[in-house]
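S.K.: I am attaching a structure below and will ask some questions about it afterwards.
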Amino acid sequence: MAAPKVAVVGAGVIGLSTALCITETCPSCSVTVLSDQFSPNTTSDVAAGMLIPHTYPGTPIHVQKQWFKETFTYLSAISNSAEASEAGIHLVSGWQIFKNMPKEELPFWWDIVLGFRPMSAAELQKFPQHRFGQAFMTLKCDCPPYLLWLEKRLKSTGVQMYIRKVSDLWELHSEYNIVVNCAGIGAHQLVGDKKLFPIRGQVLKVHAPWVKNFIRDGDGLTYIYPGIHRVTLGGTREKENWSLSPDPGTTKEIFDRCCSLEPSLQAAQDIEVKVGLRPSRQCVRLQREVLSQGGVKLLVVHNYGHGAGGFSVHRGTAKEAAHLVGECIAALQGTSSRAKL
């Protein structure tokens, strides 16, 4: 059969990474990325891009750990290369701190990040409200540069990218053999997924180049993540809130919370407010589906619903989605060879 045509819907970190993994694992494919928004206007552009996993209650821990390990290994290689600066990837050390002892002293990902250990009493003196902490080094993606780097990689392999609003996966069936749904929160409407809901995140991007260490409160609400050019201060987790408008009261509250952990931030300059809707569900939807209408079949692979943890597992889930695309291609080739008989 002719080279299978694959459409990837969505151009955030999940969509672009999935498209890249498909070109790597199925080089005979023709891959096109379709999205109504590209960087800098995606949800991924708002993300802090820290590799600290969030747990998906509906996904086995060993699967989540594998996704994280693959992502960490992939980004580590980039951070050790001449492309690290362009891709916006760097190592950062810091602390995760807790007011009360966490249920598990060792999170499932402790042996993947670097130098994981309990904080010393002397280190904890910096945070008098907190009783326990973990020190480690992890990777951070500065998101807009990383998305542009992924786009550049895709273009170099011949992937086409078009601004296009896809309202129904069926509208693609005459042009493409396989459709990969990486629409993020857009999947709520696109495929009518009622298990998918937004968790609104408001963050501040500030100029504070003296802040070198990350600080994350164990509740996940307050965090300070230094990037190459800006420090991300967060945040909020507002379930079922669809508003993309910044809230000035929330901005002040985030700033005050972060200053209570790192008082030097009082001198931060050039505060920019960003809002994104995390596409959340009990587990990432990563599966094949065959849609059929009037005897016509459309092969679909879903890869969305990563919530707040997308950057931490994006490469792992993209590889799994690319593997599912490979299975779809094998099925197509099987039907086309049977048709010839």
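Keep in mind that glycine also has a Cβ here, set from the backbone N, Cα and C atoms.
Here the structure is a predicted model, which means the values were calculated and not measured.
As annotated in TrEMBL:
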type	residues	note
SIGNAL	1-19	signal peptide
DOMAIN	5-324	domain 'FAD dependent oxidoreductase'
BINDING	Thr43, Ser44, Val166	FAD binding site
BINDING	Tyr223, Arg278	D-dopa binding site
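Describe the structural surroundings of these features, if you would.
M.R.: Tertiary neighbourhood of the signal peptide (1-19): same-chain residues 26, 28-35, 37-39, 42-44, 47, 141, 143, 146-147, 150-151, 154, 159, 161, 166, 169, 172, 175-184, 186, 190, 303-304, 306, 310-311, 314-315, 317-318, 321-322, 325, 328-329, 332-333, 336, selected by CB-CB distance under 8 Å and a gap of 6+ residues from either end.
With a cut-off of 8 Å between CB atoms and residues at least 6 apart in sequence, the same chain places Gly12, Gly184, Ile185, Gly276, Leu277, Arg278, Pro279 near Thr43 (FAD binding site), listed in sequence order.
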S.K.: Where Ser44 (FAD binding site) and Tyr223 (D-dopa binding site) are concerned, what is their Cα separation in Å, rounded?
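M.R.: Ser44 (FAD binding site) and Tyr223 (D-dopa binding site) have their Cα atoms 17 Å apart.
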